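Undergrad: I grabbed these lines from Swiss-Prot:
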BINDING   CYS7, CYS10, CYS26, CYS29  Zn(2+) binding site
REPEAT    114-197  repeat '1'
REPEAT    210-291  repeat '2'
ZN_FING   2-34  zinc finger
Amino acid sequence: MTKQKVCPVCGSTEFIYDPERGEIVCARCGYVIEENIIDMGPEWRAFDASQREKRSRTGAPESILLHDKGLSTDIGIDRSLTGLMREKMYRLRKWQSRLRVSDAAERNLAFALSELDRITAQLKLPKHVEEEAARLYREAVRKGLIRGRSIESVIAACVYAACRLLKVPRTLDEISDIARVEKKEIGRSYRFIARNLNLTPKKLFVKPTDYVNKFADELGLSEKVRRRAIEILEEAYRRGLTSGKSPAGLVAAALYIASLLEGEKRTQREVAEVARVTEVTVRNRYKELVEKLGIKVPIT
C-alpha cells in the first residue's frame, strides 16, 4: 500500500506537476514538494496516434557503421554472479556473439565495417565520410558488386569515393598505404563501383585547389605561396589543362612553381614525396604549366 503525499505546510493532498521546471508543487499553498525530477517521457509531441507511432522510439539510434545497425542487444557482465551462473552467462554471451554474425554475408559485412573503421581512423577522416563509405559499401553489397573482388579493395574504393563525393582531399596512394592493398586493385574496384552506383565524374570531381592547403601544410609553405599556387591551378583549369590529369600531380607542380616565384623554394623531390607522386610526374606537369601559361620562373 503506497503512502499518499501530504503537503508538510498546509496538509493538502492536491499537487501540480510542472514539467518545465521538473517540480511538484502544492496546489493550495505553492510549496515545492519535489524538484529536479527527470522527465522520462518523449522529447517530441504527437497530435494523433499515427504521429505517436512514427515518432516513438526505444533504444539507441541506428548506426550504418555497425553490421546489425546497432539493433541487437548484448548480454551484460555481472561480477556478483556465482561461479556456475557466471559460467552459464559466459556461454550465452559466446553464443549470442556467434548468432549475431551467423552467416557468411553477416561475417563479411562485420569484417568490412571493422576495416572501414581502421582505415578512416588512421587517415583521420571525419565521421560523415566514414558513414558515406559505409552507405556505398552496403549499396554495392545489395547490388552484388562485391563478387570476385576482395573486401579490402572494395572498402578502400568506397573510402576513396566518399572522400571525392564529400570533397575531402585524400589521394589514392594514401588510402592504398593504409588499406594495405595495391593501388591498381583499389583503382579497378573504384571505377567498377563508380560506374555501377551511378557516381558520375561530375559528382566525383575534385578540384586540384582542394589539395593545396593539405600539401602546403606538410611543406611548411606560407599563405602567399598557397594563393599563388591556387591562381596557377585556376588558370590551368580555365584553359582546360587539368582534364584527365591527377590532381595530386598538378598541385605538386603548382606548389613547386609558386615556391620558386615567391622565394620559398622546395625541391621537386620534396613536393613529389608529399603529393605521393613521382618526380617525373612533377617535372612533366611543371613543364606543361610553365609553357602553356607562359610563366617565367626565376633561374636558381
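Backbone N, Cα and C define each Cβ position, glycine as well.
Since this is a predicted model, take the numbers as computed values, not measurements.
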Undergrad: Could you break down the residues of the repeat '1' (114-197) into DSSP helix, strand and coil, giving a count for each?
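TA: Going by DSSP assignments, the repeat '1' (114-197) contains 62 helix, 0 strand, 22 coil.
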Undergrad: Tell me the residue counts in helix, strand and coil for the zinc finger (2-34), as DSSP assigns them.
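TA: Across the zinc finger (2-34), the residues distribute as 0 helix, 11 strand, 22 coil.
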Undergrad: Looking only at the repeat '2' (210-291), what are its DSSP counts of helix, strand and coil residues?
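TA: Final tally across the stretch: 62 helix, 0 strand, 20 coil.
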Undergrad: Select the most exposed residue of CYS7, CYS10, where exposure means the fewest other Cβ atoms within 10 Å, treating these as the binding-site residues.
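TA: Each of the binding-site residues CYS7, CYS10 was scored; lowest Cβ tally within 10 Å is CYS10.
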Undergrad: Which one of the binding-site residues (CYS26, CYS29) has its C-beta surrounded by the most other C-beta atoms within 10 angstroms?
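TA: Result for the most crowded candidate: CYS26.
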Undergrad: What is the set of residues, excluding CYS7, CYS10, CYS26, CYS29, whose C-beta falls within 8 angstroms of the centroid of the C-beta atoms at the Zn(2+) site?
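TA: Not counting the recorded site residues, we get PRO8, VAL9, GLY11, SER12, ALA27, ARG28, GLY30, TYR31.
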